[in-house]
Amino acid sequence: MTTPPHVLVTGAGPGGLTLARVLQRHGIAVTVLEREADITTRDQGGTLDMQRDSGQVALASAGLLEEFLRVSRPEGQDMRMLAPDGSVLIDERAAPGELFNPEIDRGDLRALLLGSLAPGTVRWGTRLDRVEHRDDGGLDAVLAGPPDGTGPGTREHVTADLVVGADGARSRVRPLLSAATPSYTGVTFVELRVTPASFPGLEALVGRGGMTTRTAGRALFCQRLGDGSARVYAGFRRPPGWAAEHGLTTTAGVLDDPAAARAVLLTAFAGFAPELRELVVRSDDRIVERPLEMLPVGHRWDPVPGVTLIGDAAHLMSPFSGQGANSAMLDAADLAREVAATPHDLAGAVARYEATMFPRAEHNAAGAAQGLERFFSAEAAADPVAVFAEAMAEVGAAGAYGDAGGTGPAAARRTG
Ligand SMILES: Cc1cc2nc3c(=O)[nH]c(=O)nc-3n(C[C@H](O)[C@H](O)[C@H](O)COP(=O)(O)OP(=O)(O)OC[C@H]3O[C@@H](n4cnc5c(N)ncnc54)[C@H](O)[C@@H]3O)c2cc1C
């Protein structure tokens, strides 16, 4: 082993960047491989709530909690629930000073974490194809060439003492540890974006935070972002292939014909109030199909020297626990702490991390699976307020993982 150890992380998402930051705070060398060319390569997506018992704990380990609280949006905790006819069922506003789970745009979170790293930590435009064992017991990272898929693959000898897969749902590190692959949950989200300019009634309809409305098997979720725009997720319980089912095509998940996609969505939400349908009518042309996938609840593996996983790579789950990014970051903080505690016993550090992470992930994944079923159930459509109250009551009964899992307010906001 090199002294001190060198850690190679695949993936510059919330998990990988948090890991890099906390390791660097402990003086441990780390390199992050990221397939995207830079932080501007893709639309950074919607907003994340950072929970006091998970994401905020990780941010504190990263020394970034104060800065997070400065740039996050406590008002994003507001929650509205509407009936499909537009009547208001719940209109909750965050109390002044409430910091249980303030929101931050994904792009802002990524920028916060990136800005805290030593220059050159992230190798952009570097796509890992696979990790292989060498005859001498070391590991080879095999890079897949430029992110656009052109050019020959490059075989690169990794000098790392520990390889961490933080590369999300389709992890290229996971096969070293487990044969598990993600499966479809039965629910697809279609993501749209509206702005106050395109929809002047946005604030009145959605408020400052999140809004949901549903009928059996169909729902609209709406979240305000820092720039005043909103992400809208039209959720359906459908067999896989929503777009293809309607004769629509996609390129990397983006619908090729947004007008046709809107027409299909408006048919699906025909019974909803005109102002709710306006969220579809007034959306911009970037419409994305997101089939929700999950790894098996309780996914785990036998130890393999020099390799582990964090975040979605380890425990991909639907967003119905509200814990995906939060737990990716908590995994990262836990792993970094263990590595820093015994830098010359990485096997021990990984074993202690996995012993903490496995049961937590199982608890959260079970909550996400249960939350998804509950959200789209006929019972919840018939009486969403009662189901919301039930979910909130479970908050008080949250168990070993505090608010983590499918029982916390974030989960209740999604599942209620
Ligand atoms: C609609 C929706 C809403 C959500 N809402 C919430 C929420 O409110 N709260 C919450 O906590 N979670 C939420 N989640 C879940 C959350 O987005 C994920 O759990 C979180 O992003 C996982 O972080 P990660 O770092 O493990 O992986 P990712 O964010 O997936 O990051 C992985 C990184 O690895 C890179 N990468 C992948 N493959 C390679 C490769 N081969 N080589 C190099 N780099 C690679 C990717 O480009 C990416 O940058 C939501 C998810 C969805 C779909």
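Along the chain as shown, the residues are counted starting at 1.
Quick reminder: no glycine exception, Cβ is built from N, Cα and C everywhere.
According to TrEMBL, the feature NADPH binding site maps to ARG42.
Summarising the environment of ASP312 (FAD binding site), the number of other Cβ atoms within 10 Å of its Cβ, over all protein chains shown, is 27. Look at TrEMBL and you will find ASP49, ARG106, ASP312 tagged as FAD binding site.
As annotated by TrEMBL, domain 'FAD-binding' applies to 7-187 (among others).
Within the chain carrying the domain 'FAD-binding' (307-343), a Cβ under 8 angstroms from the stretch's Cβ atoms is held by residues 4-5, 7, 11, 13-16, 18-19, 22-23, 25-26, 28, 48-51, 54-55, 57-59, 61-62, 101, 106, 109, 131, 139, 162-169, 171, 173-174, 176-177, 182, 185, 187, 292-295, 297, 299, 349-350, 352-354, 356-357, 360-362, 364-365, 367-372, 375, 404-406, 408, 410-411, 413-415, all 6 or more beyond its ends. What TrEMBL records for 307-343 (among others) is domain 'FAD-binding'.
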Binding-site residues close to ligand 1 - of ASP49, ARG106, ASP312, only those whose C-beta is under 6 Å away: ASP49, ASP312
Secondary-structure category, per DSSP, in which ASP312 (FAD binding site) falls: helix
Cα-Cα distance, maximum over ASP49, ARG106, ASP312, record's FAD binders, Å: 16
Count of other CB atoms lying within 10 Å of the CB belonging to ARG106 (FAD binding site): 18
